[in-house]
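Enquirer: Encoded as structure tokens, here's the structure I'll be asking about.
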Amino acid sequence: MSDIVWHQHSIDKQSRADQKGQKPILLWFTGLSGSGKSTLAGALERALFDAGFHTYLLDGDNVRHGLCKDLGFSLDDRDENLRRVGEVAKLMVDAGLVVLSAFISPTRAERERVRALFDDGQFIEVHVSTPIEVCEARDPKGLYSKARAGEIKNFTGISASYEVPTAAELIIDTSKGDLATQVSALLDYLAAIQVIDSEKLKKAI
């Protein structure tokens with residue numbers, strides 16, 4: 001490693017952000033399977049994209065088709081999965097993007113390791129706090145049924161614990177209210193912390 005050095009390029013993160021007219025940031029959606037993480041993150045990205053903002057959504061299932069397809073679901077593999085995602089998200093934030101990620105990420109330690117990669121204010125934890133009863137009733141992939149039947153081991157919420165965030169910047173229960181209202185609340189928050197230009201957003205709505 002002593003022969004590997006970091007190359008400082010002439011175009012930095014702030015220059016890329018200024019070009020795009022936004023504040024680069026990572027919104028980390030965490031919650032149980034079926035809580036609505038991907039749906040909420042996807043709807044928010046659509047609203048931002050349609051308003052002209054530069055975004056990218058990292059989805060827990062999608063990254064396992066390429067970046068993390070060599071990983072299983074052991075504790076070590078799950079840790080490595082999130083480590084890779086965190087590093088990719090860091091590169092995307094450095095590129096000036098508003099990055100959204102939707103991962104169960106069940107432990108506080110995992111989430112804090114990702115947070116530590118970013119400057120203050122660039123990691124926004126969104127706890128999708130939908131109750132497990134609602135998540136299990138939805139069961140869009142049939143995973144809860146398989147977990148209850150013992151077909152899936154170490155399933156978060158059933159046979160493995162989920163550590164509720166203690167200091168999430170935002171908490172959203174998708175069983176309360178409609179998707180449009182929840183996305184609006186997220187947009188209001190992003191405007192309040194000056195990630196996005198509220199006037200630009202208003203023109204697009």
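Positions of Cβ are set from backbone N, Cα and C atoms, glycine also.
Note that the coordinates shown come from a computational prediction; the quantities given were computed from them, not determined experimentally.
Straight from Swiss-Prot, here's the annotation block:
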BINDING   G31, L32, S33, G34, S35, G36, K37, S38  ATP binding site
ACT_SITE  S105  active site, phosphoserine intermediate
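Help me understand the surroundings of these features in the structure.
Expert: According to DSSP, S38 (ATP binding site) is assigned to a helical segment.
In the three-state DSSP reading, S105 (active site, phosphoserine intermediate) counts as coil.
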Enquirer: Are there residues of the same chain, six or more positions away from G34 (ATP binding site), whose CB falls under 8 angstroms from its CB, and which are they?
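Expert: Once residues fewer than 6 apart are set aside, G34 (ATP binding site) is near T130, V134, C135, E136, R138, D139, P140, K141, L143, Y144.
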Enquirer: Quick one: pull the CA-CA distance for S35 (ATP binding site) versus S105 (active site, phosphoserine intermediate), whole Å only.
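Expert: Answer for this pair: 13 Å between alpha carbons.
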Enquirer: For G36 (ATP binding site), what residues in its own chain, 6 or more apart in sequence, show a Cβ-Cβ distance under 8 Å?
Expert: V128, T130, T174
Enquirer: Apart from G31, L32, S33, G34, S35, G36, K37, S38, which residues in this chain have a Cβ no more than 8 Å from the mean position of the Cβ atoms of those residues at the ATP site?
Expert: A102, I104, V128, T130, C135, T174
Enquirer: If you draw a 10 Å sphere on the Cβ of S35 (ATP binding site), how many other Cβ atoms land inside?
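Expert: Excluding its own Cβ, S35 (ATP binding site) sees 28 Cβ atoms within 10 Å.
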Enquirer: Would you mind ranking the binding-site residues G31, L32, K37, S38 by how many other Cβ atoms sit within 10 Å of each Cβ and giving me the lowest?
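Expert: If we count Cβ atoms within 10 Å for the binding-site residues G31, L32, K37, S38, the smallest count is at S38.
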